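Copied over from TrEMBL:
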- B:116-125: compositional bias 'Low complexity' (COMPBIAS)
- B:133-142: compositional bias 'Acidic residues' (COMPBIAS)
- B:177-189: compositional bias 'Polar residues' (COMPBIAS)
- B:258-276: compositional bias 'Low complexity' (COMPBIAS)
- B:292-303: compositional bias 'Gly residues' (COMPBIAS)
- B:116-189: region 'Disordered' (REGION)
- B:256-335: region 'Disordered' (REGION)
- B:84-105: zinc finger (ZN_FING)
Amino acid sequence: MNKDSQMRAAINQKLIEMGERERLKELLRAKLVECGWKDQMKAQCKDVIREKGLEHVTVEDLVVEITPKGRALVPDSVKKELLQRIRASLAQHSTL
Amino acid sequence: MKMENMSLSGLDNTKLEALAQDIYSDLVEDACLGLCFEVHRAVKQGYFFLDDTDQESMKDFEIVDQPGVDIFGQVYNQWKNKECVCPNCNRSIAASRFAPHLEKCLGMGRNSSRIANRRIASSNNTNNKSESDQEDNDDVNDNDWSYGSEKKAKKRKSDKNPNSPRRSKSLKHKNGELSSSVNTDPYKYNYNTGINYETLGPDELRSLLTTQCGVISEHTKKMCTRTSLPDSNTAVESDGYDASDGQVLMSRLQWDGSSDISPSDSASSKASTNNSDSKKPKKKKKTSLNSTGGGGGGSGSVGGSSSQGCLAGQANRKKPKLPVPPAPSIYDNLN
């Protein structure tokens, strides 16, 4: 198990070095904006803010409330595409 | 490091998939965090709620879904039947036609000047014609517009001046070494060549025909201006032919005297001209022969007994050797 996690870390590191991770992140962001996920999440944020009060809301509040909803609201198509891209990059970088 | 040497190929598919999932969830979490930071900053800076509209305005601009009305609540053809008064001519114009009318009325549109000019031109034509030429009055009245175009067409035709310098330049190119005087002289003769061969004196004819082909094409009435180029290759086939050719031509001219172009001869001369013209791009042995043969044909066209020479010229293409012996033999008597 340790070996695996180590290897994962190593691979992650490699992805970062190749700049692939950055690319993947940008891709995901763009797709989320496109599909309207961002607007949905902003609406959720508004609710949270109104609940907590404008002056006293903290980052932690938002993170705690928003992240699980955000994970759930990602559309399937985006998820599938991103997984595909990740697999492709892994395959590409495994040979290097 | 040991880790760097390990490759993914060591992993099986499930692990690979798990790895991919992990990476994916990391990415999504990054996105969420990014969003939270953004929102929090907007809240603290005070611009988070700025893009919201208040409830009253929301009611005003609500989407309308009634029949006969668009989503803004406006009626589609509200102004269709209304009429506007033109400020220029004070006429009442339908709304949909108002803009084009205004364009023409004020004279500011793209087509308005064109139409106005056309009208002026046609009215001028009718006025002028009716004054000057009474006979054509009917015609003019009948077709205003076409008369104007006819006039333009005629004008254009006359622009194609046969005497234009451009034409003479092309001739100059053909003849290369010739002086300009020689060029212009035959160029003038291009029109009424039948007459001009008669009017040319023997010296002029000699200078003309030694340098150029001289065959007159029947349909264009133009003289062939191909030069009989001295070609070293031709010496192989007929040594004395070229040399004697000029003399032959001159002698034939002197002997014939008359320079009528009979129809058969002119037809043959045309054919021989065509021969020489077609042979021009190919610079081979036969070209000079053909040109001289054509020249022989051309000079043959001048006289009545030239048919044999013409045939010789035509046959030159295929069997250059055959006509060569007879030609000198015919004129040996003359010389």
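Keep in mind that glycine also has a Cβ here, set from the backbone N, Cα and C atoms.
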Tell me, what is the mean pLDDT of the zinc finger (B:84-105)?
87
Mind tallying the zinc finger (B:84-105) by DSSP state, helix then strand then coil?
11 helix, 5 strand, 6 coil
Remote residues contacting the zinc finger (B:84-105) - C-beta distance under 8 A, at least 6 residues beyond either end:
111-112, 115
